[in-house]
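One structure is given here, and the rest of the page talks about it.
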Amino acid sequence: MAEIQDTQPARVDISKSSSNVPAEGYDKKCIFCRIVNNEMGTELLHCDEEISCFRDIKPGAPHHYLVVPTKHVGNLKRMVDKGKEILEKNNITDLSDVRFGFHWPPFCSVTHLHLHVLAPASQMGFMSRLFYRLNSYWFITADQLIDLLNSKGETN
């Protein structure tokens, strides 16, 4: 992927109140479950009972965060709101130059639901623009997915 400048994200309160013991909603084979459970040494930018956030290991933009449910399932709209909050805390105010989205199966490399938050989208390299391409067969924006779920009567 294109070389991305190293930008340090603002630290966010990590208020995970549970112990480090895996609980319901934990899959020991899932890398994201292991990250959220502090088993991988990954810096958590945010972690609460519902949502956790950390940097993508292969960033497609200077600010590329993964917002995941702390448990193996979660609420899509809250994930988007948390992604916006993380961007604001990192001084990203132009939300028109941000991409929020998901990869469709079978194009997702980790089966734990996760939201890609990329900013600024205008600085994504060629491969990142391909991987996170709008209106593709492999990537759907958060807004498109919310609309799709609403049309089917599923709000979370």
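Yeah, the Cβs are placed from backbone N, Cα and C, and that goes for glycine too.
What you see is a predicted model, and the numbers here were worked out from it, not measured in a lab.
If you look up TrEMBL, you'll see 1-21 marked as region 'Disordered'.
Within its own chain, the motif 'Histidine triad motif' (112-116) has Cβ neighbours under 8 Å at 27, 30-33, 56, 60, 64, 66-69, 72-74, 76, 79-80, 83, 99-103, 132, 142, counting only residues six or more beyond its boundaries. Residues or ranges marked as motif 'Histidine triad motif' in TrEMBL: 112-116.
Under 8 Å, Cβ to Cβ, and six or more positions away along its own chain, HIS114 (active site, tele-AMP-histidine intermediate) finds PHE32, LEU66, VAL67, VAL68, PHE102, CYS108. The active site, tele-AMP-histidine intermediate annotation in TrEMBL covers HIS114.
Mean model confidence of the motif 'Histidine triad motif' (112-116) amounts to 90 (pLDDT, 0 to 100 scale).
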